[in-house]
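Over in Swiss-Prot, the protein carries these features:
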type: DOMAIN; residues: 14-146; note: domain 'CMP/dCMP-type deaminase'
type: BINDING; residues: H84, C110, C113; note: Zn(2+) binding site
type: ACT_SITE; residues: E86; note: active site, proton donor
type: MOD_RES; residues: S174; note: phosphoserine
Amino acid sequence: MSEVSCKKRDDYLEWPEYFMAVAFLSAQRSKDPNSQVGACIVNSENKIVGIGYNGMPNGCSDDQLPWRRTAKNKLDTKYPYVCHAELNAIMNKNSTDVKGCSMYVALFPCNECAKLIIQAGIKEVIFMSDKYHDSDEATAARLLFDMAGVTFRKFIPKCSKIVIDFDSINSRPSQKLQ
């Protein structure tokens, strides 16, 4: 009888990497040509309770609304129309509420999303990028989070890439239970 390894593999994804990867994978659904942002809401039991990405509102054609960042008229840009990933994750929640949950998000939230996060009862925001740190919107978001007691921190990944290889399921040798 051959001996099957009893030791677990040590290269598995830990929870934080898994949740941030889900946020990044969700971002791939965004049709925005400039910014693809995803968000993943997790409860205290490490269960995903909401996922979202930036996109146009339900029922509004993303072929008819603008995706540009700049124009003479603000109505000809995406900004008055697009729903941010944080909003969509909260609206897509699969539980009665998200009070006390954590949100993993690719980009530090703007002030409008900060208000939604606070009102939803989310207590922690883990973000990957803070590239708009000095903007008024990010400054206001930090102030609101501090006042409401929402903690926020930059995500420090243990690896720089997570590869999804659909062919890998067929390349691993199968093990038969004996």
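The backbone N, Cα and C atoms fix where each Cβ goes, glycine too.
Remember, it's a predicted structure, so these values are computed and weren't measured experimentally.
Each of the binding-site residues C110, C113 was scored by the other Cβ atoms within 10 Å of its Cβ; the lowest score goes to C110. Considering only the recorded positions H84, E86, the Cβ with the fewest other Cβ atoms within 10 Å is that of H84. Surrounding the centroid of the Cβ atoms of H84, C110, C113, where the record places Zn(2+), the chain contributes additional residues within 8 Å, namely A85, E86, L87, P109, N111, E112, A114, L116, E137, A141. Taken through DSSP, the domain 'CMP/dCMP-type deaminase' (14-146) splits into 44 helix, 25 strand, 64 coil. Note: the CA-CA distance between C110 (Zn(2+) binding site) and E86 (active site, proton donor) rounds to 9 Å. Across the structure, C113 (Zn(2+) binding site) and E86 (active site, proton donor) are spaced 6 Å apart at their Cα atoms.
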